[in-house]
Amino acid sequence: MREQAVFHLEEHGQTERSQWVLDSPNPPPLWKKLFSSVKETILPHGNKFCFSSKRKTSHGQAISCLQNLFPIISWLRDYKASKFKDDLLAGLTLASLSIPQSIGYATLAKVAPEYGLYTSVIPPLIYALMGSSREIAIGPVAVVSMLLSSLVPKVEDPVANPHAYRNLVFTVTFFTGIFQTAFGVFRLGFLVDFLSHAALVGFMAGAAVIIGLQQLKGLLGISHFTSKTDAVSVLASVYKSLHHQIASGEKWNPMNFVLGCSFLIFILITRFIGRRNRKFFWLPAVSPLLSVILSTLIVYLSRADKHGVNIIKHVKGGLNPSSLHQLQLHGPHVGQAAKIGLICAVIALTEAIAVGRSFASIKGYHLDGNKEMLSMGFMNIAGSLTSCYVATGSFSRTAVNFSAGCQTAVSNIVMAVTVFLSLELLTRLLYYTPVAILASIILSALPGLIDLSEACYIWKVDKLDFLACIGAFLGVLFATVEIGLLVAVIISFAKILIQSIRPGIEVLGRVPRTEAFCDVTQYPMAISTPGIIVIRISSGSLCFANANFVRERILKWVSQDEDDLKETTKGRVQAVILDMTNLMNVDTSGILALEELHKRLLSRGVELAMVNPRWLVIHKLKLAHFVDKIGKEWVFLTVGEAVDACLAAKIARA
């Protein structure tokens with residue numbers, strides 16, 4: 001009697017736990033998920049703060065919301081003079097690097113030099129108000145500048161119509177900001193992840209090589225150069241230009257090359273000294289500015305511009321002019337501007353978030369990716385209205401900012417103010433700056449974009465990831481930027497597709513002296529229960545891509561067509577248990593496959609049981625009446641309970 005009471009108690013507990021699975025609440029509808037994501041992005045901690053009248057006054061609610069949108073409000077209260085001293089030094093050091101780099105990257109983007117300086121004023125100020133990273137340095141970067149110079153000229157010619165080209169760049173920047181803001185508001189950061197880490201490594205390396213080859217124009221003093229970006233076209237253009245000069249009897253002036261290479265060597269030496277001795281961390285930061293000053297003096301005093309040295313000439317000074325009326329939102333090129341803006345948005349966000357998170361991990365704080373997207377979006381929208389092109393986080397300048405001891409985003413404010421003062425006071429002095437120096441400054445920043453050790457690591461760990469890496473590299477190098485990105489994304493998608501079409505389907509057994517059920521292939525000591533197959537579907541979704549494969553695989557095992565299973569099941573299969581713990585979603589194709597599987601199993605006299613179907617899965621299975629078809633008594637919370645129930649049914653039949 002006592003044993004019967006214990007048995008009935010256990011059976012009641014098992015039934016109760018199965019009912020927990022069946023009675024789980026319905027998942028929220030799609031519109032509610034979207035609203036929730038927007039609310040979490042804009043309002044701090046959802047309902048807890050902004051919608052709780054009991055806890056806070058309306059004034060307190062407004063402050064909480066503002067603190068979430070503008071993190072500067074939170075940390076500015078505790079800001080001390082000692083922190084400002086560190087940020088001032090870091091900001092000035094950052095400005096000394098940012099000024100020459102901004103001019104160089106503007107020429108790379110095929111816009112006037114002042115637009116690079118404008119991009120180092122407004123976007124950093126907006127980011128300092130809205131961004132959550134303390135170290136990231138905002139401004140123009142090489143890769144995005146190269147993207148613009150390779151994609152926008154296909155729509156507008158920067159030589160034939162420079163004003164239309166500039167206006168289109170502003171429009172692209174506006175769309176970049178719109179897309180980045182949308183990614184942040186609707187929590188669509190996963191779209192950025194379509195460009196995998198491996199693909200980004202290859203893309204960056206390919207872009208660095210292309211950028212380096214394009215600098216041969218300034219370094220060699222070539223006037224006629226190709227608008228194409230692939231390596232073959234660039235090298236052919238260099239050869240044709242030099243050959244044309246020799247054939248036409250023109251004497252090639254080596255002064256551009258000598259000047260550029262001399263200061264490139266100088267910058268690289270200072271970088272080597274800065275890395276070897278941390279006391280001289282400031283040296284590689286100021287060396288580009290020193291190069292600009294010294295080379296400008298050399299050209300001015302020697303009148304080298306009269307002897308073939310190319311100079312940048314006029315740089316417009318003053319505060320950023322408004323570019324609101326220059327945006328082409330109703331012209332024929334809106335669609336193309338939006339497409340380029342989307343590409344720039346993804347690349348800029350990927351680089352910025354990677355840079356921000358790497359330095360945040362060093363400092364031991366968390367960087368919210370969605371807030372970063374929101375702040376990047378707002379700063380690029382504001383930038384597009386104030387004569388700036390696409391800005392993002394720069395790895396080289398962030399490293400300098402970090403080494404200089406920055407404490408908060410105030411270093412970005414100091415840098416922006418310094419660049420603004422330079423625009424007001426010093427632009428006339430840049431008239432004689434040689435173009436070759438800008439080329440050498442850009443070249444000096446490129447080694448940081450090529451990560452050979454990471455490529456070797458990717459090859460060692462995952463060959464398919466390396467295929468995406470090398471595909472992006474070769475696509476950018478020998479075709480176009482779009483093809484390089486497309487190849488990388490296609491390979492990454494193909495990898496996901498292969499894993500989805502043929503998911504892992506594991507036969508489980510009980511590990512001795514435990515209640516755990518594990519893969520019998522990974523754990524050979526795991527014991528399978530005679531007449532019962534426990535199967536785990538190692539896929540996030542049972543969908544149209546893999547449903548038929550899963551069904552046929554299970555039916556093959558039931559038919560004992562595989563020799564390995566004959567040994568594990570030790571006889572005719574009487575029950576199949578599906579462990580659905582890893583299954584996050586199921587579509588109509590998946591449900592149809594389960595129904596077909598159930599029919600085929602019933603025709604063989606085999607029962608089908610389900611274990612721990614997740615929230616969305618059990619909801620859909622109940623809507624499709626699949627739970628009613630197999631019987632509610634065949635839904636369990638744990639594999640152990642399902643095995644015990646199948647054994648009890650087996651004994652009852654006997």
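Note that the numbers count up from 1, one per residue, in the order the chain is shown.
Positions of Cβ are set from backbone N, Cα and C atoms, glycine also.
Owing to the predicted nature of the structure, the values given are computational and were not obtained by experimental measurement.
TrEMBL annotations:
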type	residues	note
TRANSMEM	136-152	transmembrane segment
TRANSMEM	164-186	transmembrane segment
TRANSMEM	198-216	transmembrane segment
TRANSMEM	255-273	transmembrane segment
TRANSMEM	280-301	transmembrane segment
TRANSMEM	337-356	transmembrane segment
TRANSMEM	377-396	transmembrane segment
TRANSMEM	402-422	transmembrane segment
TRANSMEM	429-450	transmembrane segment
TRANSMEM	470-494	transmembrane segment
DOMAIN	539-646	domain 'STAS'
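Taking residue pairs at least 6 apart in sequence, the transmembrane segment (429-450) and the transmembrane segment (255-273) share three or more C-beta contacts under 8 angstroms.
Secondary structure of the domain 'STAS' (539-646) per DSSP, as helix, strand and coil residue counts: 60 helix, 16 strand, 32 coil. Under the criterion of 3 or more C-beta pairs below 8 Å, with sequence separation of 6 or more, the transmembrane segment (280-301) and the transmembrane segment (164-186) do not qualify as touching, having fewer than 3 such pairs.
Here the transmembrane segment (470-494) does not touch the transmembrane segment (164-186). Their Cβ atoms form fewer than 3 pairs under 8 Å, with each pair 6 or more residues apart.
With a threshold of 8 Å between CB atoms, the same-chain residues lying at least 6 positions outside the transmembrane segment (377-396) that come near it are 97, 101, 106, 109, 111, 115, 118-124, 126-127, 130, 133, 136-141, 144-145, 148, 169-174, 176-184, 320-324, 327, 344, 348-349, 351-353, 355-356, 445, 448-449. Same-chain neighbours of the transmembrane segment (164-186): 34, 37-38, 41-42, 109-112, 115, 148, 152-153, 155-158, 192, 323, 326-329, 333-334, 337-338, 340-342, 344-346, 348-349, 370-385, 387-390, counting only residues six or more beyond its ends whose CB sits under 8 Å from a CB of the stretch.
Predicted-model confidence for the domain 'STAS' (539-646) is 87, expressed as mean pLDDT.
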